[in-house]
Amino acid sequence: MRSYKLIAPAKINLYLEIIGDRPDGYHELVMILQSIDLADEIEIHSLSSETIRVHCNHPQVPTDKSNLVYRAAELMATKFPEAFAKYGGVDITVHKHIPVAAGLAGGSTNAAAVLVGIDLLWNLGLTQTELEELGSILGSDVPFCVAGGTVIATGRGEQLSPLPNLDHIYIVLGKYRSLEVSTAWAYKTYRQEYGSTYLRDTNDLASRAAAVHSGSIVKAIVEKDAVAIAQKLHNDLEKVVLPSYPQVLQLRELFASQPSVIGTMMSGSGPSVFALCENQAQAEQVQQQVRQTIPDEDLELFVTRTITHGIQVLGNE
C-alpha cells in the first residue's frame with residue numbers, strides 16, 4: 001500500500017490591502033504572502049476501496065466533509081475519476097502544529113498538501129500551475145500554499161506573482177488558543193466601514209496592484225532588508241479587528257514595546273500576531289519576555305522563521 005508524508009507550512013501576510021469589491025462577493029486584494037517554518041505534517045495512504053478518510057490529532061479539527069482536507073481529496077476524486085477507480089481511495093492523517101483558526105492558512109496548507117500528495121499517489125503528473133488552479137477552487141489561500149516562498153497575491157488572493165525568496169528572518173508568533181476571529185465578519189465589517197474608499201474601475205485596481213509591486217516593501221524584499229520590510233508591514237484588517245479584540249491589540253502592543261522587535265502586525269484576519277526580529281537569539285528573548293508578561297497558558301508563542309518553499313514531500317513508502 002503506497003503512502004506519502006508531506007510538510008505543510010503556515011503563512012503570514014507581510015502586506016494586506018483591500019482595494020475593491022468583486023462580483024463574486026469576495027474582495028479585490030493586494031497581499032504579500034510569506035511561508036514560515038511552522039508546519040503541519042500530512043500522511044496520505046492509498047486504500048483498496050473508493051473511500052476518503054480523514055484523521056487529525058487536534059480536537060477542534062473536523063474530519064468530515066466540512067474539513068478542507070476532505071474536500072481537497074473529494075475534488076481530486078471528482079476531477080480524476082479514472083485514477084480514483086484505478087488507485088482507490090485515500091486515508092489522510094493530519095498532525096497539527098499550526099494553531100487552528102489563526103489567520104495562518106492552516107486549513108489551506110493542509111488542503112494544498114493533499115493535492116500534492118494525491119497527485120503523486122495517483123501518478124497524475126500535474127504541474128505546479130495545474131495544482132494551483134485546483135487549489136483556487138477550494139480557497140483563496142490554497143494556490144499560495146502549493147507554491148510557497150514569497151509572493152504578491154492579487155484578485156481574491158489566487159493570482160500569484162513570485163518575489164525573491166526571503167529566508168531566515170526570525171519571527172515570534174502569538175495566538176490565544178480560545179480566541180477566534182471570523183474572516184467573513186472581518187471583511188464584512190471592513191466593507192461596512194471603509195467600502196466608500198474602494199476603487200471601482202478595473203484600470204484603477206490594476207494600477208494600485210502595480211504600485212505595490214513597484215513600491216517600497218517589495219524593494220525591501222528584493223534587497224533582503226529585514227528592518228525596511230518591518231517598517232512597511234501593513235494590514236487593513238487591523239482597523240476593524242484590533243478595536244473589537246482587546247487581547248489581540250494588547251499582544252500587538254506588547255510585541256511593539258520589545259527593543260529587539262523591528263516590526264509587528266496581525267496576520268490575515270487574525271487573531272495571530274507576529275513580530276519580526278533580526279536573529280534567533282533576539283526572537284527567543286522576545287518570546288521569553290512576552291511569556292513573563294502574559295503568563296496565561298491560553299497564549300501560544302512560537303519562534304519560527306521565513307522559508308523559501310511551500311509543500312514539501314518528505315518521503316514515500
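Just so you know, glycine gets a Cβ as well, placed from its N, Cα and C.
What Swiss-Prot lists as active site is Lys11 (among others), and the listing cites sequence analysis. Sequence-distant contacts of Lys11 (active site), defined as residues of its own chain at least six apart whose C-beta falls under 8 angstroms from its C-beta, comprise Leu33, Gln34, Ser35, Ile36, Leu104, Ala105, Ser108, Thr109, Asp141, Phe144, Cys145, Ser267.
Taken from Swiss-Prot, the feature ATP binding site applies to Pro99, Val100, Ala101, Ala102, Gly103, Leu104, Ala105, Gly106, Gly107, Ser108, Thr109, supported by sequence analysis. In the three-state DSSP reading, Gly107 (ATP binding site) counts as helix.
Taking all protein chains in view, 28 other C-beta atoms sit within 10 angstroms of the C-beta of Asp141 (active site). Taken from Swiss-Prot, the feature active site applies to Asp141 (among others), supported by sequence analysis.
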Q.
Around the C-beta of Pro99 (ATP binding site), how many further C-beta atoms are within 10 angstroms, looking at every protein chain?
A. 23
Q.
An 8 Å radius from the center of the Pro99, Val100, Ala101, Ala102, Gly103, Leu104, Ala105, Gly106, Gly107, Ser108, Thr109 Cβ atoms defines the neighbourhood of the ATP site; name the other residues of that chain inside it, in order.
A. Ala10, Ile98
Q: Tell me the Cβ neighbour count for Ala105 (ATP binding site), meaning other Cβ atoms within 10 Å of its Cβ, over all protein chains shown.
A: 28
Q.
Among the binding-site residues Gly103, Gly107, which residue has the fewest other Cβ atoms within 10 Å of its own Cβ?
A. Gly107
Q. Any idea which of the binding-site residues Ala101, Thr109 has the thinnest Cβ neighbourhood at 10 Å?
A. Ala101
